[in-house]
Structures are given as structure tokens and as C-alpha cells.
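As given in TrEMBL:
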type	residues	note
DOMAIN	41-263	domain 'G-protein coupled receptors family 1 profile'
TRANSMEM	25-48	transmembrane segment
TRANSMEM	60-78	transmembrane segment
TRANSMEM	122-141	transmembrane segment
TRANSMEM	173-195	transmembrane segment
TRANSMEM	216-234	transmembrane segment
TRANSMEM	246-265	transmembrane segment
Amino acid sequence: MKEINQMSVLDIVIVGFEGPQDFRIVSSAILLLLFLMTLAGNSLIMVIISISHRLHSPMYFFLCHLSITDIIVPSNIVPNLLYVTLTERGTIPFSNCLAQFFFFDSLLYVDHYITRQLINCWLVAFTLALLVVCHMLTFQFCGSNIINHLFCDLHPFLKLSCSDTFVVDIEVLVTGILVIVLACVLIVVTYIWIFHSILGNSTTTGRQKAISTCSSHLTVVCTYYATLVTNYMMPLTGRTTNLAKYISLLYTVITPLMNPIIYTLRNKEIKSALNSYIH
């Protein structure tokens, strides 16, 4: 195995999808299809909001930025993953691997919470990710250079280090509690208040429609945060590497695909604007 340290720029080997050639081809085809659907759906939302003057309001402004993050997150991961899976030459320079982790980690903090405090959220996200990366630059990496994951994620990356990673582990735990858990609790409390208002003030038809819409929103949000908590804050003991791989697909590929469907394409104003340009 290659020996790696913070002063050298050597290749990291990413395993990606494991299995027979046919399985990897089918997996790559499905992943590519989902990726293209994600790009198309979120790009459509951005274009419709940009060209329709009726949608130039704060709510759609934030949803447009959510679509931007939902394009950047899979674009940071999927192309390289497809290359790794299809060519079986899953090497990436050490610096590129660190950069991929930095941008991915930053966008994790931005996604969904972006609708609360846009500018502050971007600044805090990049600052938190930068702190983690700066600590990782002080580590020594020795022994194996193989990351048994789909991309350069935190825990698989830290496994390559022969330094004490306790400080980074604590940083991840603290930021996870402050950003992921508190944001999730805030969203759940908000939806409880919304459901209470719906049950108290709406008609039966309006109540059913509102509950259906809010339930789908809450399902996507809970899936997103539950998978993040599982992969980043729960102990690794008892959880297989392959399970962690497939869990990571939920918040890197599936959630960005579902967001435009749940948040916007079911919206009456979005559909009206879309129909006006189609017809």
C-alpha cells in the first residue's frame, strides 16, 4: 500500500459499488438516470422561478437556492462515482479527495436549512467545514490508501489516518448536534404547529390537502436528517460498510431528486407558470 502524509499528494483509491460487472453496470445506469432526473428537475425549477415574475417572492427565492444546492451536491459526487464504478480505476488525488469532502460537508449544512437564514447559513456551513478540513490537514495518513465508500466522506477518510482523530470526532458531534439535530427539531416543531393550525381552522377538503402536502414535506425532511444522523453521529459498531454506502445515497442522490417534486412541482403557482410557458 502507498504511504500517505499531509506533505505528499498521492492517489486515494475509492472502492465504489462492489460486485460483478453486470451489477456495477446496472447500478451505474440507474445512478446516471437518477442524476440526470435530478439535474433536469432542479434546473427546471430554477428556470421557471427566474423567468416568471409572479414567482419573484422570498419563498421562491429560497426554493431556487435549494435547487442550486440540490444540483451541486450530486454533481460533486455522482460523475466521479460513475467513473470509479465503470473503470475499476477508482483513484483520486489526495487533495481532490479533501476538496470533495469540503464542498460536500459544506453543502450538507446548507441543504434544507437554507430556507431559514440564507447568507448566514452559507457562511456558517463553509466555516464549519473549513475547520474540520484544517484539522485534517494536520493529520498523518499512513498504511492503506483505500476508501471503501462511494466518495470521500468523513469517517471513511479518517480511517486512513494514523493520527489521533479525537478532536475532529468531537467537532463533528458538536456541529451535528447544533446544526442537524437542532434544525431537525425546529422543523418538526414547526410542522406540529402547522398541523395544529390546519386541524383548527381549515375545512375538511382543505385540511386533507394541507395534511397531504405537509406530510410529504416532512417525510423528505425526516429521511434526509435521519440518514445524516445515522451516518455521522451514531457509532460505527454494528453497521456494515455497504449499509453506510447505500444510506449515503439517500441524502446525496434521492433527496435532491425528491425536493423539486415535493416542494415545487406540486405547487399550484409553479404548475400554473409551467403550463403558461408550455402552452
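Glycine is no exception: its Cβ is also placed from the backbone N, Cα and C atoms.
TrEMBL annotations: computationally assigned, not manually curated.
Since this is a predicted model, take the numbers as computed values, not measurements.
In the predicted model, the domain 'G-protein coupled receptors family 1 profile' (41-263) has a mean pLDDT of 80. Segment contact holds for the transmembrane segment (246-265) and the transmembrane segment (60-78), given three or more CB pairs below 8 angstroms at sequence separation of 6 or more. Highest Cβ pair count under 8 Å relative to the transmembrane segment (122-141), across stretches 25-48, 60-78, 173-195: 173-195. Residues of the same chain lying 6 or more positions beyond the ends of the transmembrane segment (25-48) and with a Cβ under 8 Å from any Cβ of it are 17, 19, 55, 63-64, 67-68, 70-71, 74-75, 78, 81-82, 85-86, 253-254, 256-257, 259-261, 264-265, 270, 273-274, 277.
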